[in-house]
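So the structure is just underneath, and the comments pick up after that.
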């Protein structure tokens, strides 16, 4: 059997198209009157495809090749079309639209076994009449590739994929080019026998899928029931239903829920209204109520986009710097840094994905051997969802990334002794003439730096600069004026890791207003009353002090008088005592 004796042209795969047969180094079309179902079975088998599903002319453009001049008479069991008997025919041409168009099915060569349903389990391939597990050897098997299998099995979208230890001696290994081109996996040029340590396990969504979207997590929603797919009308679907669908597909929370995003409805319309609580694991697990709806207005079929919040930077000074990690198959792992071609160009995709500005640096760091996700730089640059590019691996190298917005956001606040009132968040009113201070602060990351207070109004703009002391700076305004009315923000600047970085706070809106009635009341009544109380207190204090002074004077005079009297009496007595002592010491002669 020659693999080059038949081909199908202008179809969507190697298993569909207009039939041509090769003989004597030339290709010829076959007229449908010379070809029947048994002939088609032989062709499909020769091409490595499943049984024929469509046999019809005029499906795959007009005939350009010569017409085969014999009628095939296959029994259906032959391995190649040219092995069949044939009878001569006088035909030299074929009427328009009468060349054989053939579509072979592709559903009998792959299956999922050992799982909870026909849409989950170990991936097996039937090739050369033998079922074997599908081997895993490189990074060609991604969720995108797995989606081809799920689609072929009519199992919706690919949800998860993993490599499992193999106990099989031989497996089928599929060439990556066949996966990308959606070539039937049992094609002789795609599958080869090999001995590998790992096989593939795959889980498909089974009952839901998103069509015509840019990724596995976006598209027009379809639900499967009784082996048929139906669109869902947006009036029968809400946010909680969307959360269940996104979870079932292995995606992040829903970010867009809107009709008319992903083409017109072609499938029938689901006839029931979903009533999910948001916690269910599958959409068909939700309660539903019957609906009389048989059609959906144009643009009203549910279009859904699930978020892809599957990347983070950890272990750094902020959320925009650190070790690059990917969440895939419900697990966070670092990204493998074994590829030599990682550049700032690829790093910029991650920074943009994280809303962290542009890429500043990317470096490989050696670590202990750990499980990691392997993503090729080419897949990153293709803007495909990262979860669709990841394969499992182990590595001694991880990636560390710094984005331009790696500084945390500064905090701006206002303080004042009086005259400041908070109207709502980030909007404040200041009374004219009062003093106020705007403070800028930031969490400690790097020492030094400076703060720039930017002011903008309808007709002017100013910048004030202060060095960062203990990661803070203060800007004093002694008396509020109308010229101070406008928007303020703090911008922190610092030089670190050989780059200049800056980070800006939220805007603070300041309104300068005339003093309120309450302020006037304080000014006109409370302050004079306070002054009066102070004066009264001083008066009584002075009076009390004067009374105490007068009392002290009287006491002093009385004391002096008493001391004088005592001194006179004491002096006389003392004189008398002295005279007596003298007389005793010197007696007078008689």
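Cβ coordinates are placed from backbone N, Cα and C, and glycine is handled just like the others.
Going by TrEMBL, these are the annotated features:
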- 6-105: domain 'SRCR' (DOMAIN)
- 74-84: disulfide bond (DISULFID)
- 110-207: domain 'SRCR' (DOMAIN)
- 208-307: domain 'SRCR' (DOMAIN)
- 276-286: disulfide bond (DISULFID)
- 311-417: domain 'SRCR' (DOMAIN)
- 379-389: disulfide bond (DISULFID)
- 410-509: domain 'Ig-like' (DOMAIN)
- 518-542: transmembrane segment (TRANSMEM)
- 570-590: region 'Disordered' (REGION)
Worksheet item: Near residue 276 (disulfide bond), which residues of its own chain have a C-beta under 8 A away, given they sit six or more steps off in sequence?
Response: 238, 240, 241, 243, 244, 283, 286, 287
Response to the item:
residue 74 (disulfide bond) to residue 389 (disulfide bond), Cα to Cα, whole Å, comes out at 45
Practice prompt. For residue 74 (disulfide bond), list the number of other Cβ atoms lying within 10 Å of its Cβ atom.
Written response: 21
Worksheet, complete the sentence: For residue 84 (disulfide bond) and residue 389 (disulfide bond), the CA-to-CA distance in whole Å is 45
Worksheet item: In the structure shown, with every protein chain counted, which of the disulfide-bonded residues 84, 389 has the densest set of Cβ atoms within 10 angstroms of its Cβ?
Response: 389
Item to complete: Reduce the DSSP letter at residue 379 (disulfide bond) to three states and note it down.
Response: helix
Discussion item. Could you give me three numbers for the domain 'SRCR' (110-207), the DSSP helix, strand and coil residue counts?
Written reply: 15 helix, 42 strand, 41 coil
Discussion item. Mean pLDDT across the domain 'Ig-like' (410-509), rounded to an integer, is what?
Written reply: 85
Worksheet, complete the sentence: Here the 10 Å Cβ neighbour count for residue 379 (disulfide bond) comes out at 20
